[in-house]
């Protein structure tokens, strides 16, 4: 039995994701695809647009055989820890032969070469990195530049090629995957992406990005008015038609139901709760929260009276060496109570939370039960609470935002 | 110089309050009236309908000479501690000769008699009280019954008279005031109330209750839609006409501005933040919060997934021996972080926070500065933060709810 793994967000699932799953089956001849998917909060440091159960259903209807939750501690982390956490979950399943990931252009050798440098940084590279950060550059920018400098000096790779390679968020993630895979017998398998880039907002393409799809959803919903539909004339079939150009029709159906049911969540839906959290904690400071620093903590406290909303506050706090995403991630960590130690705690106390699976993947499930090196959780009530309390908290919070009638204890595993 | 004190909420100020201030001047010949007023959260355990600065302005325009903030720890406490805290603030001013309070029917002797029993409970009364509470009665009901039993046995007072006397929330407060006044040289001065009772919702009377006035405001505003005006045709003069029947015209003007400016706050506006707080704290439990018990804490945790809104949750949790107000007060204490020890801490660390005064009350202000036995705070930035941090927190939280452009550090004292 051959099993391929994917680490992803599906926020929401679209044609590009469907294409990737098809390519995995075609290129790897995998019998099954295991998806490690972010829960209700995603790597950009914000809530997902629809909840993890609906996104699981989308994945299972479109080629995935088993969906496991990427714990919120990993799902909201920067690329390195997102990838590291995701790979650790995949490793713990004991069933995956390879990890497939999307790249702008397949250059497996270069990816592994860069990963090697990041894994065991040569002194020359480390010195450049330190110098550039000290010079006021943000960490991602400094890392790119330091890598370019290092490879230019030591390898026969053109600067343009390297620059373009490292500039892509998907390639950065690919490098982190390869880095995390170095210690285990799961093979990295890059898959050429199609369509628009990660940040693209073009929603006319058949392969629009998730960013673009979320953009289309936001035009339908008046964010200021508690997620009521802007144009009440919209009905399910109108919405379905709109989205079936961007995602598989099964998924468009699910999305249409979410939109009409008031289950869409936008980043600023966390504004009220986040303000409360910042207010409650401001006297203690925020330096203990993951990705935060003493300086950023002080900046948050200093600007608290300028807080209007989550996204406005991210924009207010961002600077030359602090990206929007870094800020949003920190604020989401504060909201979810994810602290500096939590990455290691989560690595040391692994679990496999099953969000859903296909009835037809009995053999895979059987193998999983046999080989898993971490507890498998199908029913939250039966799991050790301490182990998954951060994910339950994130889901409880999200459940209110998306007006869910269910909670982690009542929602069953998605089976199709 | 003769100075009368009043402890109050003015939520919002109405004709009954105006009448009371007039009667105080007439009946006591006081030169000045000092008002100790709840800040942004009130005794029912909910946010005030408009902010403390606007309510201060209303009071100063209608007969008050100086308004001091009743600290949130006292303002949200049950009658005993509300009265005890209020009297302690008044005492600390050093200027008040008397405390005037409204009663349904003036019976100063009976009020003081009951206060004496509560202050130094005779064994017979205590035994009845314990027995009734053990029997499942709520504390307020048990106290009323125990008082009736005690007085019936020991005094020549008709049961009907006593029953009616104790049944009134204003009389209960009067009794608590007299109890708190026993240790000091401020004299209690009951003033006959006019118009509708405390809980009345009749808004046709010239002397409608604050409850009724809030009811009228709520009919103008669509609570579900983020406090937008239901009928956008409403203009200032229409609203003014509506409310000038219920309150002095100066106050109706202020209220109309608040309504049109989106500065009205309803109890359920705290729902989102409260849910977040309950979620964050549920693993630790809530027994340390003021007025909460281990049983109530467990009940909150057990029912958390049934939480929809603040008022819905209060209704859900209330029972035969736990009144709605008890629950709302506990939830507000949880929201504001007011714990069991805070009453004593606040009594031991008093302060006089000036919200506003009349320019014409120079002599009073001069006397206050001379006689005050607690620090006078006119500028929050200059005050010891620890001393007033709970009030700042409450105001910061409220400021977001009422869409204030100001905060505690930028808002000046109201001077008219």
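Note: Cβ is positioned from N, Cα and C throughout, glycine not excepted.
These features come from TrEMBL:
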type: BINDING; residues: B:7-20, B:102, B:170, B:193; note: ATP binding site
Counting other Cβ atoms within 10 Å of each Cβ, which of the binding-site residues B:13, B:19 scores lowest?
-> B:19
Would you mind listing, in sequence order, the residues at least six apart from residue B:7 (ATP binding site) in the same chain with a Cβ closer than 8 Å to its Cβ?
-> B:35, B:36, B:37, B:70, B:82, B:83, B:86, B:87, B:89, B:90, B:99, B:101, B:177
If we count other C-beta atoms within 10 Å, could you say which of the binding-site residues B:10, B:16, B:170 has the fewest?
-> B:170
Hey, does DSSP put residue B:170 (ATP binding site) in a helix, a strand, or just coil?
-> helix
According to DSSP, does residue B:13 (ATP binding site) fall in a helix, a strand, or coil?
-> coil
